[in-house]
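Right, one structure below, let's go through it.
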Amino acid sequence: MIIKRREYMRIADYSVTKAVLDRHGFTFKKSFGQNFLTDTNILQKIVDTAEIDQNVNVIEIGPGIGALTEFLAENAAEVMAFEIDDRLVPILADTLRDFDNVQVVNQDILKADLQTQIKQFKNPDLPIKVVANLPYYITTPILMHLIESKIPFQEFVVMMQREVADRISAEPNTKAYGSLSIAVQYYMTAKVAFIVPRTVFVPAPNVDSAILKMVRRDQPLIEVKDEDFFFRVSRLSFVHRRKTLWNNLTSHFGKSEDIKTKLEKGLALADIKPSIRGEALSIQDFGKLADALKEVGL
């Protein structure tokens with residue numbers, strides 16, 4: 001396996017990126033949300049943040065022309081890169097020809113049989129980290145698909161729209177806090193590592209990006225009686241952010257006297273005021289609320 005760092009120009013150097021795209025006659029597709037990073041310092045920082053070494057396998061999503069893949073391959077045991085755009089497969093074969101520890105899988109990550117795919121690693125027992133520059137338009141579905149999968153991904157270091165990274169890592173009583181924060185933080189710790197300006201991409205997106213580091217918890221943050229119901233309660237509590245918890249709950253469950261009586265009992269059991277807003281409740285509070293509402297028959 002070749003792990004020596006390249007001494008010549010990087011794929012991410014702007015002149016190299018442009019030459020590769022021109023040589024292959026590549027044009028960007030908006031439908032794939034393609035923005036290629038052209039800053040080698042940021043790429044190195046991503047690898048450092050992910051703490052990639054020879055004892056780690058990496059799954060990359062959306063390798064593009066291989067700018068990040070190059071850095072990952074120099075450090076990881078193996079890299080499995082999922083690329084949905086079949087036009088990029090021959091380009092990746094060209095740009096990554098010096099590496100024998102990279103597998104390019106021409107498939108949508110949401111449709112891939114990951115349990116089968118990870119067995120293709122030479123050493124599938126090594127910890128697996130996900131490192132990716134995620135397309136803005138499908139960031140959340142990809143993340144939740146991977147987080148909720150049965151595969152014990154140890155860590156995620158992913159680039160995404162800054163606003164989404166802020167929402168995922170947000171704490172209660174902040175504007176960004178919501179059901180997405182809860183859905184991710186139930187399983188993972190989440191912290192914004194650093195900001196990536198829009199100016200370092202080709203083509204430049206309309207907003208800045210952020211690198212979000214997420215580490216899987218040994219166990220979910222809290223224990224709840226019914227996970228699906230817990231996530232349902234957290235989601236419906238933010239449907240109308242400026243409305244009280246009571247208004248959101250009655251909008252969802254109904255306003256009959258029987259329902260309102262059960263809601264009152266559940267809120268009292270969880271020791272939560274009906275007049276509070278969802279953004280003021282911690283994940284632990286939502287766990288207590290969901291369990292209490294379940295207990296009273298909702």
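Cβ coordinates come from backbone N, Cα and C, glycine included.
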Worksheet entry | Swiss-Prot annotation, S-adenosyl-L-methionine site containing Asn35, Leu37, Glu83, Asp108, Asn133 - matching residue among Gly25, Gly62, Gly66 | Gly62
Response to the item:
If we take the residues Asn35, Leu37, Gly62, Glu83, Asp108, Asn133 that the record assigns to S-adenosyl-L-methionine, their largest CA-CA distance in Å comes out at 21
Practice prompt. Drop a 10 Å sphere on every Cβ of the binding-site residues Glu83, Asp108 and tell me which sphere holds the fewest other Cβ atoms.
Written response: Asp108
Practice prompt. Would you identify the secondary structure of Asn35 (S-adenosyl-L-methionine binding site) according to DSSP, in three states?
Written response: coil
Fill in: Spatial neighbours, same chain, of Asn133 (S-adenosyl-L-methionine binding site) - Cβ under 8 Å, 6+ residues apart
Asn35, Leu37, Ile61, Gly62, Gly64, Leu68, Val158, Met159
